[in-house]
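**Student:** Not my notes, these are from Swiss-Prot:
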- PRO3: N-acetylproline (MOD_RES)
- LYS14: N6,N6,N6-trimethyllysine (MOD_RES)
- ASN123, THR173, LYS177, ARG295, HIS327, SER379: substrate binding site (BINDING)
- LYS175: active site, proton acceptor (ACT_SITE)
- LYS201, ASP203, GLU204: Mg(2+) binding site (BINDING)
- LYS201: N6-carboxylysine (MOD_RES)
- HIS294: active site, proton acceptor (ACT_SITE)
- LYS334: site 'Transition state stabilizer' (SITE)
Amino acid sequence: MSPQTETKAGVGFKAGVKDYRLTYYTPEYETKETDILAAFRMTPQPGVPPEEAGAAVAAESSTGTWTTVWTDGLTSLDRYKGRCYDIEPVAGEENQYIAYVAYPLDLFEEGSVTNLFTSIVGNVFGFKALRALRLEDLRIPPSYVKTFQGPPHGIQVERDKLNKYGRPLLGCTIKPKLGLSAKNYGRAVYECLRGGLDFTKDDENVNSQPFMRWRDRFLFVAEAIFKSQAETGEIKGHYSNATAGTSEEMLKRAACARELGVPIIMHDYLTGGFTANTSLAHYCRDNGLLLHIHRAMHAVIDRQKNHGMHFRVLAKASRLSGGDHIHAGTVVGKLEGEREVTSGFVDSLRDDYIERDRSRGIYFTQDWVSLPGVLPVASGGIHVWHMPALTEIFGDDSVLQFGGGTLGHPWGNAPGAVANRVASEACVQARNEGRDLAREGNEVIREASKWSPDLAAACEVWKEIKFEYETIDTL
């Protein structure tokens with residue numbers, strides 16, 4: 001290095017370590033419409049001031065590192081750095097704070113959920129100055145939203161494709177999830193669809209195993225779809241799981257589904273990865289396929305209250321990356337989910353514009369502009385007695401998915417499907433007549449069961465089944 005170069009590099013540079021808050025804690029900062037905003041729940045190590053912890057989060061997830069570097073002088077840190085602009089204590093929790101961080105839009109690649117998450121939730125979650133860190137919410141500015149395709153089709157286009165309006169869609173996950181041959185699997189699909197369901201589904205871990213290779217399954221399922229459509233006069237579908245070990249194999253499976261003429265496929269978007277998921281979503285839009293998203297692995301990330309990432313963030317990521325459906329809990333079933341919290345991220349999936357509402361866990365107003373909405377899927381431990389509550393909580397623009405609640409019917413799969421369809425239509429009719437499903441729901445189901453033996457049998461089997469556990473992830 002020449003003396004001249006050394007002199008230029010050294011101008012204004014002072015080596016050493018300085019507090020993050022001197023650069024990255026800026027309570028006077030006024031956020032811009034183009035900023036990506038993040039709300040982090042942070043638990044600093046003993047002795048670490050919350051301002052220093054919040055600034056460290058902003059620094060390590062944007063331009064900062066642990067020491068001063070001379071190359072800071074070669075760019076404009078004020079333009080590119082993340083800023084912790086507000087900190088508030090969490091009520092009822094000792095040494096927990098919500099840190100609000102603003103990121104300039106230029107830090108992120110357009111149309112890339114992968115890059116967005118690599119930056120914001122990358123290395124910072126292992127930072128030693130923090131005992132725990134959780135990303136509670138993100139505000140994605142319209143200028144960044146518009147760089148994404150989002151869902152392949154969206155709610156209205158899906159309804160038009162299926163020619164089904166004014167009620168929740170009904171589905172069923174085929175069980176046992178592993179071990180069936182392709183022919184028996186297709187038989188189970190056919191029975192459910194002819195009984196009145198709109199969809200059946202591969203479980204998340206059904207890929208291409210020795211007992212049932214993917215192509216065999218796709219062929220038998222397609223036969224079941226077309227046979228049930230011919231019998232019922234309704235459009236039917238099965239979420240054939242295209243998730244695979246490579247993106248190339250995933251797209252090959254999607255191409256097979258397209259050639260068979262089926263309406264929908266499925267992807268495990270967390271285990272499959274955001275890059276693969278976005279590629280698949282683009283393929284689905286180009287080729288007229290609906291895309292169902294399973295959230296397998298989400299609880300590893302979102303279950304703990306003080307560390308990880310809330311599902312509302314993963315839900316927003318799925319809308320950006322692309323999916324027409326995504327699993328969203330049930331509130332009343334066997335899986336985790338508080339009602340107000342669930343309603344918050346369900347609205348974030350479906351609506352064009354969502355106001356800030358901390359009572360529902362919504363930290364920021366979100367404008368999705370032209371991005372299509374996503375149907376929330378209620379699935380996991382639900383049965384006919386849950387139908388009134390599910391109809392009230394999720395409304396018409398949803399998929400209510402009964403696996404054991406269909407296949408566990410004492411008379412078989414088709415009667416199980418009939419029971420769910422009758423219960424759903426009874427609840428929709430009662431709601432449309434002005435009845436209060438929260439108060440009269442059980443009576444609505446009992447009345448419908450008087451003229452439906454299939455529903456009456458289902459009511460008897462599941463009359464005592466409840467999943468009454470305390471929710472871990474509360475507001």
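Placed from the backbone N, Cα and C atoms, the Cβ positions cover glycine too.
How buried are these features, and what lies next to them?
**Tutor:** Take the CB of ARG295 (substrate binding site) and look out to 10 A: across all protein chains shown you find 23 other CB atoms.
Secondary structure at LYS175 (active site, proton acceptor), taken from DSSP and collapsed to helix, strand or coil, is coil.
Within the same chain, the residues at least 6 positions away from LYS201 (Mg(2+) binding site) whose Cβ sits under 8 Å from its Cβ are GLY171, CYS172, THR173, ILE174, HIS238, TYR239, MET266, HIS292, GLN401, GLY403, listed in sequence order.
LYS201 (Mg(2+) binding site) carries a strand DSSP state (E or B).
Taken residue by residue with DSSP, HIS294 (active site, proton acceptor) is part of a strand. When other Cβ atoms within 10 Å of the Cβ of HIS294 (active site, proton acceptor) are tallied across all protein chains shown, the result is 28.
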**Student:** Give me the long-range Cβ neighbours of GLU204 (Mg(2+) binding site): same chain, 6+ apart, Cβ under 8 Å, in sequence order.
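**Tutor:** Correct list: ASN241, THR243, ASP268, THR271, HIS294, ALA296.
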**Student:** Taking the center of the Cβ atoms of LYS201, ASP203, GLU204 at the recorded Mg(2+) site, which other residues in this chain have a Cβ no more than 8 Å from that point?
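**Tutor:** For the Mg(2+) site, the extra neighbours are THR173, ILE174, LYS177, ASP202, ASN205, VAL206, TYR239, ASN241, MET266, HIS294.
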**Student:** Checking your reading of the structure: which of the binding-site residues ASN123, ASP203, ARG295, HIS327, SER379 lie inside a 10 Å Cα sphere centred on LYS175 (active site, proton acceptor)?
**Tutor:** ASP203
**Student:** Among the binding-site residues ASN123, THR173, SER379, whose Cβ has the fewest other Cβ atoms within 10 Å?
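**Tutor:** Looking at the binding-site residues ASN123, THR173, SER379, the Cβ with the fewest others within 10 Å is that of ASN123.
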**Student:** Measuring Cα to Cα, how far is ASP203 (Mg(2+) binding site) from HIS327 (substrate binding site) in Å?
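**Tutor:** Rounded to the nearest whole number, the Cα-Cα distance is 12 Å.
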